[in-house]
């Protein structure tokens with residue numbers, strides 16, 4: 001048997017979907033000679049990265065966590081979103097022993113239940129249906145004091161779209177006859193993932209101490225005031241909701257705190273501030289002794305708190321299977337997507353496999369990435385080219401964050417520059433592979449940058465899309481690409497190209513047929 005080409009590089013262009021419409025399509029508008037040449041000369045097709053094809057509800061846009069899980073697992077991974085929704089529908093959620101344990105302990109001592117989470121129908125980090133269910137559960141179990149600390153979205157939803165969600169939760173509490181929204185703050189603060197602890201501190205002090213930049217007598221009034229200050233949902237400053245005659249809510253000893261985000265990466269920092277005894281990223285005036293702090297899912301194994309829906313282990317994901325066959329692999333990304341190309345691609349595993357190396361390139365320290373649309377892509381590419389030339393690795397998995405992170409800003413010109421930068425980077429990788437006889441597969445985890453304006457509202461479109469994503473083979477072999485592929489088919493495709501048998505646990509099907 002002839003040796004398979006080495007290395008095989010999987011290039012994941014984050015947020016790089018395919019749209020037939022040229023309108024507000026940053027990919028269409030960009031000058032991209034390398035991409036155009038690849039599409040003209042190399043086998044390519046489209047694969048699905050949304051909805052049931054990735055284990056999400058029908059019509060639900062994909063996201064980076066889900067995308068990388070499916071890409072690495074080689075099977076459709078039943079997502080936490082669908083697990084929690086199903087548990088609510090089945091009634092199991094309301095008896096969840098971990099949540100019930102914390103709530104019951106607080107109720108027995110006549111203490112409060114605090115619900116934290118992204119209040120949004122976005123379905124990427126959380127879903128407001130889950131927050132409604134949590135409020136109902138607390139009330140059913142006898143909690144007299146139920147407080148929602150609402151983080152506002154505007155990133156996986158239109159920039160100013162929080163009002164219906166706030167009104168829905170106000171109505172939920174009114175219907176229960178108890179509980180209320182206690183505070184609102186933008187996800188920019190509460191859900192940082194880049195160690196910008198000053199942002200997290202603003203959220204922590206709002207929730208725990210009732211310390212706010214602004215106060216309002218209702219959640220909707222708080223939102224209207226934020227809009228009047230020029231803030232969109234994502235950036236709403238710390239606001240305590242204090243109805244007439246009431247005081248700002250604080251978290252007290254003996255209270256229960258339930259964090260209702262199901263996606264881990266943007267829930268970790270705030271969780272650590274609540275539960276780590278030796279936490280020192282910012283000074284905490286108080287660290288209440290809680291009846292319980294519950295993570296909806298496991299945000300990190302190192303966070304000392306129980307989770308309501310523990311991970312369901314995945315065996316024989318691509319990284320593990322390559323290691324079993326003595327293959328070497330490199331994972332590389334900049335900070336913003338490093339967790340995706342390591343933890344999520346490995347099916348929720350923190351530690352590297354035997355023969356796996358990792359390179360983390362710091363993301364630029366700018367307020368928003370439209371200010372530096374190239375991000376750290378050139379530096380990432382430097383290291384990939386070096387790795388290809390060394391021929392030390394059988395497989396290289398790289399994530400380029402630009403399409404997604406710049407797409408989220410809603411700034412069209414910056415998104416075009418991001419695509420043009422990616423094109424240059426791909427050109428360098430293709431050239432390096434050509435020299436050593438390596439191969440690449442280029443795909444994406446979900447769409448974003450191909451739709452930069454919401455036609456129905458005229459607002460910037462900052463969220464992901466349900467568009468299919470490209471799948472391009474780069475190399476010298478003659479092969480054909482089938483239609484109807486999904487992200488879960490990418491790992492089996494890589495095994496086909498490497499001449500490795502597919503493990504039974506991988507239920508995806510190779511997208512390529514050799515010969």
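All positions are counted from 1 along the displayed chain.
Cβ atoms are placed via backbone N, Cα and C, with glycine included.
The Mn(2+) 2 binding site annotation in Swiss-Prot covers 14, 64, 445, 446 and rests on sequence analysis. The active site, phosphoserine intermediate feature in Swiss-Prot is assigned to 64. Annotated substrate binding site per Swiss-Prot: 125, 155, 156, 187, 193, 263, 264, 265, 266, 337, in sequence order, evidence recorded as sequence analysis. Residues or ranges marked as Mn(2+) 1 binding site by Swiss-Prot: 404, 408, 464.
Structure coloured by features recorded in Swiss-Prot.
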residue	record	Cβ contacts under 8 Å, 6 or more apart
14	Mn(2+) 2 binding site	64, 337, 340, 399, 400, 401, 402, 403, 404, 405, 444, 445, 446, 448
125	substrate binding site	118, 156, 187, 191, 261, 262, 263, 266, 267
193	substrate binding site	265, 266, 268, 269, 336, 339
408	Mn(2+) 1 binding site	15, 155, 369, 448, 462, 463
464	Mn(2+) 1 binding site	15, 61, 62, 63, 124, 156, 404, 446, 447, 448
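The binding-site residues examined here are 266, 446; by Cβ neighbour count within 10 Å, the least packed of them is 266. For residue 404 (Mn(2+) 1 binding site), the number of other Cβ atoms no farther than 10 Å from its own Cβ, over all displayed protein chains, is 28. For residue 445 (Mn(2+) 2 binding site), the count of additional Cβ atoms within 10 Å of its Cβ stands at 33 [all protein chains shown]. Within 10 Å of the Cβ of residue 156 (substrate binding site) there are 21 other Cβ atoms, across all protein chains. Close to the recorded Mn(2+) 1 site, the chain also has 14, 15, 63, 64, 155, 156, 403, 405, 407, 446, 448, 449, 462, 463: residues not among 404, 408, 464 whose Cβ is within 8 Å of the site's Cβ mean position.
In sequence order, 12, 15, 49, 62, 63, 67, 68, 337, 340, 399, 404, 444, 448, 464 are the same-chain residues whose CB sits within 8 A of the CB centroid of 14, 64, 445, 446, the residues recorded for Mn(2+) 2 being left out.
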